[in-house]
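As written in TrEMBL, here are the features:
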| type | residues | note |
| --- | --- | --- |
| DOMAIN | 12-698 | domain 'Myosin motor' |
| BINDING | Gly105, Glu106, Ser107, Gly108, Ala109, Gly110, Lys111, Thr112 | ATP binding site |
| REGION | 575-597 | region 'Actin-binding' |
| DOMAIN | 978-1164 | domain 'TH1' |
Amino acid sequence: MEVKTSLLDNMIGVGDMVLLEPLSEDSFIENLRKRFDHNEIYTYIGSVVISMNPYRSLPIFTPEKVEEYRNRNFYELSPHIYALADEAYRSLRDQDKDQCILITGESGAGKTEASKLVMSYVAAVCGKGQEVNKVKEQLLQSNPVLEAFGNAKTVRNDNSSRFGKYMDIEFDFKGDPLGGVISNYLLEKSRVVKQPRGERNFHVFYQLLSGASDDTLKKLKLDRDFSKYNYLSLDSAVVNGLDDAANFRTVRNAMQIVGFMEDEVQSVLELVAAVLKLGDIEFKPESRCNGTDESRIKDKNDLKEMCELLGIEQSVLERAFSYRTVEARLEKVSTTLNVAQAYYARDALAKNLYSRLFSWLVTRINESIKAQTKARHKVMGVLDIYGFEIFEDNSFEQFIINYCNEKLQQIFIELTLREEQEEYVREGIEWTNIEYFNNAIICDLIENHQNGILAMLDEECLRPGTVTDETFLDKLNTICAEHQHFESRLSKNSKFLTDHSLPHNCFRIQHYAGKVLYRAEGFVDKNNDLLYRDLSQAMYKANHSLIKQLFPEGNPSKVNLKRPPTAGFQFRASVGTLMKNLQTKNPNYIRCIKPNDKKASHIFTDSLVCHQVRYLGLMENVRVRRAGYAFRQAYEPCLERYKMLCKRTWPHWRGPAREGVEVLMADLPVPAEEFSYGRSKIFIRNPRTLFFLEERRRQCLQDLATLIQKIYRGWKCRSHFQLLKKSQIVVAAWYRRYAQEKKYQKIKSATTVVQSYTRGWQARKLLRELKYQKRCEEAVTTISAFWHGTQARMELRRLKQEVRNKHAVTVIWAYWQGTKARRELRQLKEEARNRHAVSVIWAGWQGTKARRELRTLKEEARRKHAVAVIWAYWQGLKVRREYRKFFRANAGKKIYDFTIQRIMQKYFLGLKSTMPSVSPIDKSWPANPYRFLDGVHTELRRIFHLWRCKKYRSQFTEEKKAVYEEKLEASQLFKDKKALYPSSVSQPFKGDYLEISKNPKYQKLNSAVDEKVLLADVVNKINRANGKGTARIFLLTKKSVVLADQKTGQVKASVPLPDLASVSVSTQSDGFFALRLKEGSASAVKGDFLLSSERLIEIITKLHRTGATAADSEQLNVDISDEFLLQFKHDKVCVKFIQGAPKNGNSVSCKRKNNRLLEVSVPTTA
């Protein structure tokens, strides 16, 4: 049975402030303290949730808690942020009402964590599926990216949001998320160049320096030492509990999940590094000859590194920091900047660069997470925006933030009253007007288009002449002096009042949350937010892909002399748009409060909490809620909770729930004016009535508990007695069974003994009879055996005698045959000895004759040798006599030359006999016998190889030569670059695989193509929407590439070769290739082509050769990379090749991951 816990069960303090009695500020704070001390951080004000920051982890955000609050009534369980998120999600899903969740509070109150909890709860309870999970993951992972670039450590919060964020999450009709849109408001860009003491710059700077690899920092020209950068404060560079290195890895992973490309991530990091480098640029004063001051850069190394990062010429940016050009309609005036103005220009560029980068990040995230379908969506908005701020020194930023909170308070009161009124009308309850403070007069003081503070500030900024903060304050004193919510020193003095707490350069506005003192210093500059046109134009000249997008006003061809809108005007317009958006949705409120300034758990500071309760208007909210009826509840849960208070409704009421509640209330001593019956709910006016019902219910529950205990104890005793009785019967039965078994065992044993004795006597008697019969049979057998033995021995003696007689005859015959054989053997041996003697004599004569002839031949050879020796000696003697006079001077050289000549002759003759075959692929070559001939040996090998290659080529026909040239070009393009190339080497390049001219099926297509077809094959054209392929005929002629339908032969696309910019392929074994068209060409209207073919090597080779030989076209580039960008209509899509496990056999699969990514999975080859 499911156990339900009501809001009123086991209450610590009061779970809903509407029920607080008595209602006062002290009791309100005390109730918050009591609940906070017991780890109850959530409290209701009707449908509004108050959230206290516990500054520690609590076990109330587990998946079990999510399931507990899923599909439950708002007041059914104890207060929790999950209850509000579930109520908003169910209203959106079931009632088709757009929702918005407004999260407000000051810095450190937990607004960002509250928005994360809402988004994580919605992600947990909505549908499941691959696409849905992908959308949810992208929505959740957008938070780390925005926090890195938009959050910073402050004295109040280690992860303070320094911008306002509104996210619209879009759902389909089933309640599954489709995407989202993020809007950002007023990034605190002044933090980029200066941070208060004890605070840090934005997180991304510290994360980049701590978590990036050494190679990345080297590319960005950065160092890990924070102290080297002027824009980074050192007193709070390291924050306890924040791991910047791990957070950097988280941000990189989140950017990849959201859909950022690697080149985009690198561009963003380069801009972040450029901002750091920009802060290190320092200036020195110089005086010109005309007496004017100008500035020069001290050390140009940082400027050089920054220009290298952004791709800007150093001289262009250096001039922009030194001069300012003012353009009028007819002339330009260039003035020098002094040191102060140069530092102002540097900081203004850093602030604008970072602010525009942040806006680009939000836009880029929106492109990835936006819904793909254009049908109407259900929308849930989450607003995480800064709360009301009152500091010791309040400036333009606090003024803008408090103005936004005034508008939110106004819409909060209006929507709360409207919600109350609509519920009363819906339930048929009489509506009474509620008096409350309407802060429209304060909003009008700020935003009035004629006399509002923002309008006067814009007017001062646009006015010619000298404009200062003092002139702006004078104008406020002139126009707003009589306004009841505006105070200044001058307006006070004009009324003969003295207020020494109000300085001369300040003014005070009485907001709904209290009075705030603003210092007018800096209002004009911060509202102007000027960036010199020279700097914008310098940024536009950068070669960096992202810079041109961030500074479009720097385009010289689009110079706009009109002054850009001010910061106050832009913020007022965006707040107006936000208010209109919120008014179209059903609001849900989360009011965040921080209990102390020490960021410590278990500490509750009354004064700080009281201050936040006041400026959040929580008491006002309670009074508005209690102005009519303090408590309301549907009839079914009301009857279920209080039915035990009336005998007629207990334990079960059979009729309608409303009638049961009416019977119940009539039976109780409650005045009729304290409650009222609506159509589906009962309304209770005073909390005391509700507490009376709860007290009566508690007493009844105690009585019921006593009754239940009594009945239970009686049942327990009866059950115990019955169990003992049953056990006694079982024990007796078991004992009787045991006794009978023992008696049976004794009788059985005695019977067995008697039977064994009887069987033994019978067996012995039978054994004696069998033994006697056996002895008789054995005696007969023995007599018979003796008789048969005697007969056998007599027969054996007779047979032996006959055998002896036969053996004697055989022996005599054998002796005779042996004698006869020996006589014949002696005769044969005598004949053999006679024949051998003749052979020996003949062999001796032949040997003597041969030796004589050998001696004669040897003598002749000795004579010839002697003659040759004598002749050689004679020739040598003649030579020595002839050259004796030259012998001593030239003998060494002559002998050396002769020796070398003989060695070379011997080398070449040996090389001739061992020469390898004339085949060009034969790599064998004789070994070199002489070390001093190594160079000659190598050169001869090269010359021989060239000769046999030339001889081999001379055998080629023109057609065969063209084929080998194509193979050679394919080798130059793809060898060691494309994994598919080795398998194509053995395949001949045929060209026309479809036989276009011969096949009658393609007669129409052949007639449509005028030129000669160099290649015809069937390829797959990849669909840009889903990655699936469609069969197309690919034709290559000398002038164009043609794609035609395979079935009908109709031409689908024809691209002239001059319009082709390049061809892109991957390094893997797939057949995908992309035809990238030149921008602005007629063929590039529909974008680039992504095709796949099994004959990719042949197609690209022929396309490259044809493009190179065309007279009117440039060399066609072939890009080989696993990741490249294609232009599909108006979008750039990245095609990424990855190694994956084989799916659908071993085929390559292509799938579109998001708007900007096509992923091709190539099976891993073994």
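Glycine is treated like the rest: Cβ placed from N, Cα and C.
Everything TrEMBL records as a feature, shown here on the structure.
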residue	record	CB count, 10 Å
Gly105	ATP binding site	25
Glu106	ATP binding site	24
Ser107	ATP binding site	18
Gly108	ATP binding site	21
Ala109	ATP binding site	24
Gly110	ATP binding site	23
Lys111	ATP binding site	28
Thr112	ATP binding site	22
Predicted model, mean pLDDT over the region 'Actin-binding' (575-597): 86
Cβ-centroid neighbourhood (8 Å) of the ATP site, Gly105, Glu106, Ser107, Gly108, Ala109, Gly110, Lys111, Thr112 excluded: Asn53, Asn157, Ser160, Gly387, Cys592, Lys594
The region 'Actin-binding' (575-597): DSSP-derived helix, strand, coil residue counts: 9 helix, 8 strand, 6 coil
